[in-house]
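Engineer: As listed in Swiss-Prot for this protein:
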type	residues	note
TRANSMEM	74-94	transmembrane segment
TRANSMEM	125-145	transmembrane segment
TRANSMEM	147-164	transmembrane segment
TRANSMEM	173-193	transmembrane segment
TRANSMEM	201-221	transmembrane segment
TRANSMEM	247-267	transmembrane segment
TRANSMEM	272-292	transmembrane segment
TRANSMEM	304-324	transmembrane segment
């Protein structure tokens, strides 16, 4: 980070987040609000993005593993991953705000973040982040040792990610890898030796597909900051491909569908998997791209986000059907 801090914007210093002024979040004590903002409590879509790889990995591992995981254990692990995702996302957001505070002060959307506007000090944000990581690892402590090691890998990549935006336009790939590793983590939690033969290739295919799904999300989300990023020097795929976004997103979508289809063939999934996880996902993402292309969706906050969610639900739906077809029910566990 530069030696001379970018000054806090006068309007940002007096900012009050409207999401905490009314509605359910208004009950939070005012002194806690900056820390809730630090972990993006008011923006739950990030938890959805971080959580879905765990569900895919859990269902993939549960249905592909020779030792079928019963429904009650699947439900138990799914709850563990909610906590892991929530706390790791909070830690990641806090660290990102610490590292990016100077860039954030130059970006209209980001200059009101708690560290950038001075509501939370750098030291306090770091302590908060460490506490979140400790709570996250407590959540996955009942899982196999491989899960702890993969969790550590996720943590290291989360630390590296904010710095990547300074040196490469492909920081989104690092972010995607960070979240996609949780797919492998959850597969191991389900008892599947995910990176050992004969599961190595299908695991790599799905991990790559999830990485690209995160890249897709972040490129669309980052488009709103392109003008500010060009001024401040922040790198990213939304900046690099700003004149060819639809071509980039279409290419990513086709590769994702191809990788998921390849996985289905390799592990001998049934026809409903291809209907939902391949065709359904493909249709939802292409519809989203079409909406962006023809200016139906001007921002991520429009209906485009729902098409992305539909794509993810289709992906999960195919794996859920595979699980229900192959795994013993709760009363037979």
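For all residues, glycine too, the Cβ spot is worked out from N, Cα and C.
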Engineer: Cβ pairs under 8 Å with the transmembrane segment (201-221): which stretch of 74-94, 173-193, 247-267, 272-292 has the most?
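Structural biologist: That would be 247-267.
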Engineer: Under 8 Å for C-beta pairs, could you tell me which stretch among 125-145, 147-164, 173-193, 247-267 has the largest tally with the transmembrane segment (74-94)?
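Structural biologist: The stretch I would name here is 125-145.
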Engineer: Within the same chain, where does the transmembrane segment (173-193) have neighbours whose Cβ lies under 8 angstroms from its own Cβ atoms, ignoring anything closer than 6 residues to its ends? I mean 6 or more beyond.
Structural biologist: 49-50, 53-58, 60-62, 64-65, 67, 69, 74, 77, 80-81, 84-85, 92, 140, 143-144, 146-147, 150-151, 153-154, 157-158, 160-161, 164, 199, 203, 206-208, 210-215, 218
